[in-house]
Amino acid sequence: MTVLNSSYASCRKVCELCPGEQIGSFVAVDYVLFAAVLVISALIGVYYMVKEYLAAKAATSEDVLMGGRDIGIFPIAMSLMASFMSAITVLGTPTEMYNNNTSYWIAGLSMIITVIVTNHVFLPFFHDLSLTSAYEYLERRFNRAVRVCASIIFMLNMLLYMGVVLYAPSLALNQVTGLKLELSIVCIGLVCTFYTALGGLRAVVWTDTFQTFVVMAGLIAIIVVGSRDLGGFGEVWDIANKGGRIQFIDWDPNPTTRHSIWALIIGSFFGQLTIYAANQTMIQRYLAIKEIQNSQKALYLSLPLTLILSTVVCLVGLVIYATYHDCDPYLLDMVHARDQLLPFLVMDKLTFLPGLPGLFVACLFSASLSSISSGLNALAIVILEDILKLWWDYRGNAPSPLWQGRIAKLLGLFAGGLVIGIAFLSQFLGQTVLQIMLSIFGMVGGPLLGLFISGIFFPFINSTGALCGLITSAVMAFWVGVGGTVLLPVPEVMHVSTEMCSIIQRNCSSSSNSTISSTISSTIAATTQATLSSEDNLWIYHLSYLWYGLFATLISLIVGILVTFITSCCLGFNEPEDVDANLIHRLVDRVCCFLPVTCQRVHRMEKYKDDFELATVNGAMNHGFESSETKMDDFGEKKLGG
């Protein structure tokens, strides 16, 4: 009886709505709070611009794009967490809990492995090279063509991602709160572009810090209020458990199983590694701190913050399910997509206290702001370092550092304009765009991760093999990812209904009621038909999206190795003098001891210098070698031969 009473109370307001009616609306305080967050974000950019002006210091491109490499540990840690805490995370994760179960929470635990590997394998490597753009490494390791191709893929990835990140919350809020879509896109895009272009990386990381607190405050308020209305969080958990939503582990090894434990741990690890080890947005933050130890501390500090956020958004999803499982707003045609259930819940439950809905709107758009600002700054770096500077070097007329700083700010404005344009174009791309975006880092980041692994850990892979691997991997990953997203239907949502609304009397016209009934029938029929037709598609399209990153990485490595062996028959393999030892990770010396002597010598060169000098002092090198260089080479081969 208690469950029935709580379900009746939670569904009553929804079931009494007629089609086309809104469940709540903003008041003046909500608009004030929403505007305040945007104004504060913009003022942070103004603050750093004025600070530079009063200090009589002209900002160079290094200051704008890398924060002068003197930013503190805490703001960088908050920015690392906030960089990909977009509206897709805030809206999409609760929807995953509502539609399926809690298994996705396990993917957050793979972050522990990701952070450890990044901190002790990739971060020190990039930090020692003192790069501004991560793709500088690719030119030094391979050639300029590989660098440019990787940079172009990254730019397309981030532009498309940020455009949808801006469009998704604007769409949800337009349909749920009545805010105009065009106004939302333009305002948020302009504010974000404004403070990114003016303040550079310092403004980005401090704004990320501010916005992270706003996001967490809004989500926690939703959990507290929603649980209270249902009789406590224990009641929320019981309802979710009875609805089959509490399920964490599926041991099925089939790669087409959407969320098996293997996909959630191994697949998510590689998917996250595409962000933490091969994405300019993250690498830029590591390099913004001068000391390696402090960069590692910042990344470790971001780990518990990220896990807390992951847990909070999952709990929000359980609250949404417990609230609407008997009066699904999607089946009732109150929302156009289930991604809008979170803002729908906010307008349903938080309007009792003026200002709380405004706080959530600020929370939602802050999540988008953090992602877009980070991406804009990273785009400005890649365009400046990997495109313009290469062109200037070719022409032989590079501008001064002062003008490069100004150009960096203009690039932020230019990239922001492109993002706003893509957000408008997203209206015509269909609802599958959000699903594509959830897989985009696996589809595009996977080839880039494979390219970086080829360069860092496989010294015998040449530039031709690396380039062929990158292109082949990108084509294959897009074929599988886009094909699986477009051709396969969205899985049917189980254990949701409109049963409670058959009990609650609605004062609507008969035509409105018949419209709702026909909507429910057509939704069920469409789902059934789509499920039947999906069986005719290729097996590879059913691959879980969590495997996209690993799939693309393996294709890149396999093709790169094969092409290298084929071309090396004509051109010859890489010799130690062909590859700078600093461009190869020292870890390979330990785990790849089975490689040919020629390859091992690349990693052992520095160690040989120390051993050679010591051996010389001890009189161990009196063997009649022709030169010191020959001596060291022969000494290295002798050491390798054991």
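For all residues, glycine too, the Cβ spot is worked out from N, Cα and C.
What TrEMBL records for 31-50 (among others) is transmembrane segment.
Here TrEMBL flags 71-92 (among others) as transmembrane segment.
Taken from TrEMBL, the feature transmembrane segment covers 104-126 (among others). Remote same-chain partners of the transmembrane segment (104-126), defined as residues 6 or more beyond its termini with a Cβ less than 8 Å from a stretch Cβ, comprise 93, 96-97, 134, 137, 248-249, 259, 261, 264-266, 268-269, 272-273, 276-277, 283, 286-287, 292, 295-296, 299-300, 302-303, 306-307, 310-311, 314, 456, 546, 585, 587.
As annotated by TrEMBL, transmembrane segment applies to 146-169 (among others).
The transmembrane segment annotation in TrEMBL covers 181-198 (among others).
Here TrEMBL flags 210-227 (among others) as transmembrane segment.
Residues annotated as transmembrane segment in TrEMBL: 260-278 (among others).
For 299-324 (among others), the entry in TrEMBL reads transmembrane segment. Beyond its flanks by at least six residues, the transmembrane segment (299-324) meets 10-11, 14, 73-74, 77-78, 80-81, 85, 89-90, 93-98, 102, 104-105, 107-109, 111-112, 115, 118-119, 123, 212, 215-216, 219-220, 222-223, 226-227, 229-230, 233, 235-237, 239-240, 243, 245, 286, 341-342, 345, 348-349, 496 of its own chain at Cβ-Cβ distances under 8 Å.
Annotation source TrEMBL lists transmembrane segment at 410-430 (among others). Within the chain, the transmembrane segment (410-430) has long-range Cβ neighbours (under 8 A, six or more residues past its boundaries) at 159-160, 162-164, 166-167, 170-171, 181-182, 185-186, 189-190, 192-193, 196-197, 372, 375-377, 379-380, 383-384.
Positions annotated as transmembrane segment by TrEMBL: 436-460 (among others). Counting residues 6+ beyond its ends, the transmembrane segment (436-460) has Cβ neighbours under 8 Å at 88, 92, 122, 125, 134, 137-138, 141-142, 146, 150, 153-154, 156-157, 160-161, 164-165, 168, 270-271, 273-275, 277-279, 466, 469-470, 473-474, 477-478, 480-482, 485, 545-557, 560-561, 564, 568, 573-574, 579, 583-585, 587-588, 592, 595-596, 598-599, 602-603 in the same chain.
The annotation transmembrane segment is assigned in TrEMBL to 467-490 (among others).
As annotated by TrEMBL, transmembrane segment applies to 545-566 (among others). Remote same-chain partners of the transmembrane segment (545-566), defined as residues 6 or more beyond its termini with a Cβ less than 8 Å from a stretch Cβ, comprise 107, 255, 258-259, 263-264, 266-268, 270-271, 273-274, 438-439, 441-443, 445-447, 449-451, 453-454, 458, 460-462, 464-466, 468-470, 472-474, 476-477, 480-481, 484-485, 573.
Counting same-chain residues at least six beyond the ends of the transmembrane segment (146-169), those with a Cβ under 8 angstroms from any Cβ of the stretch are 86-88, 91, 133, 135-136, 138-139, 184-185, 188-189, 279-281, 339, 364-365, 367-368, 371-372, 375-376, 378-379, 382-383, 386-387, 390, 415, 418-427, 433-434, 437, 440-441, 444-445, 447-448, 451, 463, 466-467, 470-471, 474.
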